[in-house]
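Written below as C-alpha cells is the structure these notes are about.
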C-alpha cells in the first residue's frame, strides 16, 4: 500500500467548514520520460481521487500526467453530521487505495 | 542543474580569487532564499512530501530486517537518536575512519543485524536516514570536536576551495563568493547540508546530500565522488563544520 497522509479535524461544530489535506506517495511517472536504457518508462499515474462523506461524493479530482509526484490535494467541506469520510485514489496498473477517517460533528 | 543555462555564468565566475569562508553570523540556510510557497510546504508536515519517507523510516526502524534478526528498535529506543544527525559524519572506531549517517546505518545492518547494506539512494536507506535526521530537526549542527576527524575536514575544505572539473570551477567560487546572487533563474545558496535527506521539487523525490553534490559536480563538469568514498565523506565533514550552528531541517524542501 502506498503511504497516504490525511489531515482533517476529528471533531467540528455542525455547519462549520472544515479543511481536508491529503498527500499520497506515488511516482506519477508521466510516460514521456526515458529510463536508464533510453526507452520510455511506461506511464504510471493516479488518474482519479474521490472523497465520499457517508457514501455521498463531495469531492472529485482527475489527475493527468502533468501532475507532480506524491500528489497533494486540499479541499473543504461542510460538517453536516457525524460520519466517515472515505478517500479513494485510483489509477494505472490497477492502483486503488482507500482510507477512512471518522468525523464527529458536535 | 541545467547545463546550457549555466555556461555564461561559468565564464563570468571563472578565475575568481580564493573566496573567504562565510563568518558565523552570516550563515543562512538555503530555506531563507526560497519562495514563500516552498517554505510553507517545508514547514507543514501535512504538505511536506518528505514526511512520507520519515513515516516509512519509522516502520523500517521497528521491523526486523530478516526473521530472527533484531530490529533497529531492539537496540535503539525511539527518540534516543535525537541529536545524532547534527553531529555526523563521525569517527567509527572499528573502521578507523569517518562515516556519514547513511554509512553508520549500514554498519549497524552488517554489524548488528547480520543484514546486507542497503543501496545508497534507495528508498529504504533514504527513509531510515530521514527518520533519524528528523529527530534532530531544530537542533543546531554540532560537529564533534574529535581531532581524528581533522585530516578529513582539511581534505574536505581543500576540495571545496580547489578548482575542479573541466570548467576549473570551485565550490567556494559559487557558495562562498557569490551566494545571494543568481545562476540563471536559481538563487545561489550558501550550500549548506542541514536539510538532508530533502525533497527536491526538481527531483520529484527525496535525495541525499551526496545526490545534491553530484548535481553540483556535474554542473562543474567534474567527476562525482562515489558516496562513502573518502572524498565524499571529507566534503560532508567540511560542509557540516561550515554550516554550524544552523539548525537541522530534515526533511527540508528545495526547488
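Every residue, even glycine, has its Cβ placed from backbone N, Cα and C.
What TrEMBL records for B:216 is active site, cysteine persulfide intermediate. All chains included, 17 other C-beta atoms sit within 10 angstroms of the C-beta of residue B:216 (active site, cysteine persulfide intermediate). According to DSSP, residue B:216 (active site, cysteine persulfide intermediate) is assigned to a helical segment.
If you look up TrEMBL, you'll see B:72, B:75, B:76, B:108 marked as heme c 1 binding site. Less than 8 angstroms from the CB of residue B:76 (heme c 1 binding site) sit B:61, each of them six or more residues away in the same chain.
The heme c 2 binding site annotation in TrEMBL covers B:171, B:174, B:175, B:216. Residue density at residue B:175 (heme c 2 binding site): 20 other Cβ atoms are found within 10 A of its Cβ, drawing on all protein chains shown.
Contacts of residue B:212 (substrate binding site) defined by a Cβ separation under 8 A and a same-chain sequence distance of 6+ are given as B:196, B:198, B:200, in order along the sequence. As annotated by TrEMBL, substrate binding site applies to B:212.
The domain 'Cytochrome c' annotation in TrEMBL covers B:52-136 (among others). Across the domain 'Cytochrome c' (B:52-136), DSSP assigns 42 helix, 6 strand, 37 coil.
The average pLDDT computed for the domain 'Cytochrome c' (B:151-243) is 96. Annotation comment: TrEMBL describes B:151-243 (among others) as domain 'Cytochrome c'.
Look at TrEMBL and you will find B:1-19 tagged as signal peptide.
The domain 'Cytochrome c' (B:151-243): residue composition by secondary structure is 41 helix, 12 strand, 40 coil, according to DSSP. Across the fold, the C-alpha of residue B:108 (heme c 1 binding site) and the C-alpha of residue B:175 (heme c 2 binding site) stand 34 Å from each other. The two recorded residues, residue B:175 (heme c 2 binding site) and residue B:216 (active site, cysteine persulfide intermediate), show a Cα separation of 11 Å. In the shown protein chains, 23 other C-beta atoms lie within 10 A of the C-beta of residue B:72 (heme c 1 binding site).
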